[in-house]
Each structure stands twice: as C-alpha cells, then as structure tokens.
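Contents: one structure, followed by commentary.
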Amino acid sequence: SQASFEEDGQKQPAVGHWKPLMPSKGSTEELETGCQEAGGVDETQSTEQLNVSRLRSSSVEIREKGSEFLKEELHKAQKELKLKDKECERLSKVREQLEQELEELTASLFEEAHKMVREANTKQAASEKQLREARGKIDMLQAEVTALKTLVITSTPSSPNRELHPQLQSPSKAVFRKGHGRNKSTSSAMVSAASQNVAPEPASHERKEVDSILFAEFQAWKESPTLDKSCSFLDRIYREDIGPCLDFTKQELSELVRVAVEQNTLTIEPVASQTLPVAKVAAEECGGPKKCALSGLPRTCKHRIMLGDSGNYFYISPSCRARITAVCNFFTYIRYIQQGLVRQDVELMYWEVMRLRREMSLAKLGFYPSEM
C-alpha cells in the first residue's frame, strides 16, 4: 500500500536509486487544493493585470482620442483664424477704399465750393457794374425829366421858350447851340434850354475874354470830371456861386435843399390854385401859397419843392425858385459833361459854364424873369 510505501521510504532511504513516488490520495488533494489556491491567486493577479492593462489601454485610447480632438479643434481654430484674417484684410481694403473715396469727395466738394464762390463773385461784380450803369442811366433820365419839366413850365404864349421855338433865336445864338445839340436829341440840349430862364442879350452886344485861371481850373477838371467839391474848379464855384445862391433865411431847410440838389433828388412842381399843403411838418415850416418856406417872407408862391421821396412839400417864392433852378441847371450841365454826353470844344463848354455861373449870380442878387 501507499502508506507502507511511504513508511518504508522514510525508514530506508534509497541511496543511488530513483524510485518514482506516486502521490497519495491525500497529497493529491493537497496538491490540487494548493494548485487551486495558486490558480485563484494567479487568476486574481491576472484579472488585476488585465484590469490594469485595460485601464492603460483605455487611458491611451482616451489620450489618443483627446489628442485627435484637440488636433481637430486646433485645425478648426486655424481655419477660423485664417477666415478672420481674410475678413480683416477685406475690411481694411474696404476702409482704405472708403477713405480714398471720402478724400476725393471732400476735394471735389471743396473745388465745387471754390468754383461756386468764384462764379458768385463774378456775377456779383457784373451785377454791381450793371447797377452802377443803371443808376447812371437813371440819373441821366431824371435830369432829362427835370429839364423837360423846366422846358414845359417856362414856355408860355406870352413868354415862349426859345429852345422850343428855334425860329425865335437869333442867327448867332442858333450857331452857338448847333454844337451842343448833337444827334438832334432833346437830352443833349435840355441843359441849355432849361437854363434860359433869363433872356440873354444879343451876342453882338457882348464881349468875352477868357480868364486864364478859371479856364485852367476848368481844363484840369475836364480831364477827369468829378462831382467832388474838393477840386479847385468846383471849390471856387461852391464858394462864389452855389453857397451864396442857396443861402436862405431858413438855414436848416437850406442845407437840405443843397443836399437834394447835389444828389439830384429835388422836385419842383407848380401849385394849382386849389392845392392845399400836404406835409408832415408844421405849416410855418413848409410855408403856404402866401408864404415862402425858405425865406419866411409873405410871398405869392407859385411852386413847391419836395426833397427826395419824403412826401413833404415846401412852398417857395419865384425868387427862391430862380435861385434853386439856376443851381440845378449848373449841376445838370456838369453831370452831362461827366457822363460824356456833351460833345463840344473845351472853350465852348467853358463859356456855357460861365453863362450858368452868371445866372446863379443874377439869381442870388434877386434878378429873375417875370414868368417865374
């Protein structure tokens, strides 16, 4: 038996001989139990190792997947960045284009504005020139109307005006007027006609001699005619003729009359028998049909004057009217010379000025024709 075999083996150990030992049933069970225990430990260890390997593989897989995800995200971010860079470049180009267009538009607007300013200045200069020419024409027409009124007023059946009736003039006087009445126009002869309120003496009874000083002053004025009274020619006439002729008792009204005569805004018109004073000032200042507003004396007033467009009328006596008319005739004539309407020799113009000065001298001394 196996037990006896073991006992024999224990008692008599073999020396130099191999004897196969057959495990007993108990030992076999112990071996199986040990093997089973060793197998359980191995299985546990293998399971743990398997789990660890699985964890390692899963972590590696997770890392790989995370790396791939991050790479994809990085790739997407790079694409988006490239798109944004392209968009930024496009927007910067658009901004540069808009800035360039804005600069061009600003430059064109400034150029257009300068062009409009230049055109406006040119038009303004042309308009001012036309306005000056129109004013000159208006002054000329006003002078012609005033002279025409004087022609019509001073021509009556009892005392006809010689300019309106040429057949009444003497031959010598007709020759003298021929040079003044150019183109047979009424405007060029009105000044002389209006100034003939006093019937001149026949030319054969007069002797004339040119004063060298007066003629030199007139020639100097004729070179550049002006209405500025600071020149020697007009300064002398203001001191010797115009000032004394328009020096009336009513100093304030006299100054207004002088200014109106200089500006060619004075109107003289006849007074009808039933006309009443139309004025915004006191009756003592504007006078009346029986009182002169300039002298303040009781006189029969056949005419009245209006200064500008004021609407105030002042009644004047025949003597005051003769003085004002003489000065108006002088100013009208020198205005015609200034405007180039008188085409005569300088000496003839000089003698016409001297004749007008003589009329002012006579008027300021109180001489006036009966038809006044």
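The backbone N, Cα and C atoms fix where each Cβ goes, glycine too.
The coiled coil annotation in TrEMBL covers 67-151.
The compositional bias 'Polar residues' annotation in TrEMBL covers 43-52 (among others). Sequence-distant contacts of the compositional bias 'Polar residues' (43-52), counting only residues of its own chain at least 6 positions beyond either end whose CB sits under 8 Å from a CB of the stretch, are absent.
The feature compositional bias 'Polar residues' is assigned by TrEMBL to 156-172 (among others).
The annotation compositional bias 'Polar residues' is assigned in TrEMBL to 184-198 (among others).
Residues or ranges marked as domain 'GDP/GTP exchange factor Sec2 N-terminal' in TrEMBL: 45-149.
Annotation source TrEMBL lists region 'Disordered' at 1-52 (among others).
The feature region 'Disordered' is assigned by TrEMBL to 156-205 (among others).
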Composition by DSSP (helix, strand, coil) of residues within the domain 'GDP/GTP exchange factor Sec2 N-terminal' (45-149): 105 helix, 0 strand, 0 coil
